[in-house]
Amino acid sequence: MKVIVIGGGPAGCAAAYTLDKQKHAVQLFEAADGVGGRTRQLHRDGFNLATGALFLMGGIYPRTSALLREMGCDAQLVPWGGAAELLDSDGARYPVSFVSLPSYLKVPTLTLGDRLRMVASMVRLMLGGGAANPFDGGDLARFDSGEDLESWSRRSLGERPYEYIVRPIMDFLYAVPASWLSTPFPHAIIRQAHRMRLSVPPGGVGQVSEWLIGAARRTELHLSTPVERVERLDKGWRVWADGQSYEADGLVMATEAFVAARLLQPHLPEAAHRTLMEAPYTEYAHVAIGYRTNPWPRHRSDIVLPVGPGETRNVGALVLHSRRHPGSVPAGGEVVGVYFNTPPLAQMSDADIEREALAETLRAFGPAPAPDFVHLFRYDRGLTIAGPGHYGRLDAVHAAMPRGVCLAGDYFSQAGVEAAVFSGERAALRLGRQLGAV
Ligand SMILES: Cc1cc2nc3c(=O)[nH]c(=O)nc-3n(C[C@H](O)[C@H](O)[C@H](O)COP(=O)(O)OP(=O)(O)OC[C@H]3O[C@@H](n4cnc5c(N)ncnc54)[C@H](O)[C@@H]3O)c2cc1C
């Protein structure tokens, strides 16, 4: 059967790979001049900068790991230890391992009571029910109590564990207040956290999509070809791109949710269209500050997470990229990635963001000469996030799709490569079942 995949981020590439494996004739249309979407790499002055995604999370990214193994690429992943320190508002520093929840229990600002409450809550979460698959919106929806993550954390863990554990981790991962997020996803991740191992492909996270599309050998790739219109035929579908039309038996829509909503509007019930249009994407900014000569070759951590009870903070995390992935910088060089929280961005100009990124870099790592470059990455729509009610609303949209169209994208769960890959593979399998044998 002929299938068209629209969108070449990790979701679309996983869909194309899966459909190609099933021997369908696949064409993938991507608006940009390369695959990868929000995981693409930017090569600048010998540095390999991550425009978006920084790392994969091994054991808790099961489908991504399985596909990388299947393609024989997993042995190439570069492991990353994720040594971090919390930088308190009074300048005190507390070493932790970003991937080890128990390491946060040693933070000296926590009392014995805080630690005991943390352990008790973790045990309750491990023993109690919860989504088995944090990337399956239907599974997550069953455990959505309507409570937000901040209220749950303050109530179950206490104020200091919220400030010194939950808030810094969430600032780094999602850059929004925990009150904007629901609980089923973080609860499911906490239950699996012992399996978390960070790693980066040698070419950066963008390489995952390149590997997938490279392994989908028969897939015809149309880059720099945004799809402009989708029409229903008696049997199948027609898409318009670059002034030409292309026909297929089925479609996988693997763009951002609002793009899928626009393209499919004539073919969707109004409620499903509105749900897709309103799927939340947050504003996001990060700054890459590059040095040809590393000013801090002996700094003891890879990640600095600013903390401080009750403080509003513009910057959520700072990462030394030579530690994350040595191959991403020229020998002897360094890039600091400065990751901003979302709420202040609406009031910040590009110049404000760059100025603050430099000041926070010096506070986190110490004195340094002027950098060789400063590169701002700013997104109107950066990360997909899920507040209470999100998973059920979005999951219901699958049932409203016309025959022969399946949706994929990280927005069914919460931003992340695994959410995208899982949804892409699932959309391909669903469509394959609808279309029947080749
Ligand atoms: C700053 C940042 C940091 C991140 N860090 C991490 C991380 O460390 N680890 C992690 O796992 N995840 C991370 N993420 C999230 C991760 O990048 C996303 O979850 C993932 O890229 C989503 O994949 P997707 O395929 O669903 O969507 P996208 O990657 O957005 O891909 C959608 C694609 O559709 C294309 N498209 C849109 N319209 C059309 C059209 N009309 N025709 C054809 N093509 C079209 C777009 O060009 C794009 O390539 C980060 C994201 C950002 C922004």
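Cβ from N, Cα, C; glycine included.
Of the residues proposed, VAL205, VAL208, VAL227, the one TrEMBL records at the same FAD site as GLU30, ALA31 is VAL227. Set side by side, the binding-site residues ALA31, VAL227 differ in how many other CB atoms lie within 10 angstroms of their CB, and the most is found at VAL227. Using the Cβ center of GLU30, ALA31, VAL227 for FAD, the list of other same-chain residues with Cβ within 8 Å runs, in sequence order, ILE6, GLY7, GLY8, PHE29, ALA32, HIS222, THR225, PRO226, ALA241, THR255. The Cβ of GLU30 (FAD binding site) lies under 8 Å from the Cβ of GLY7, GLY8, GLY12, LEU221, HIS222, LEU223, SER224, THR225, each of these being in the same chain and 6 or more residues away along the sequence.
Mapped onto three states, the DSSP output places GLU30 (FAD binding site) in coil.
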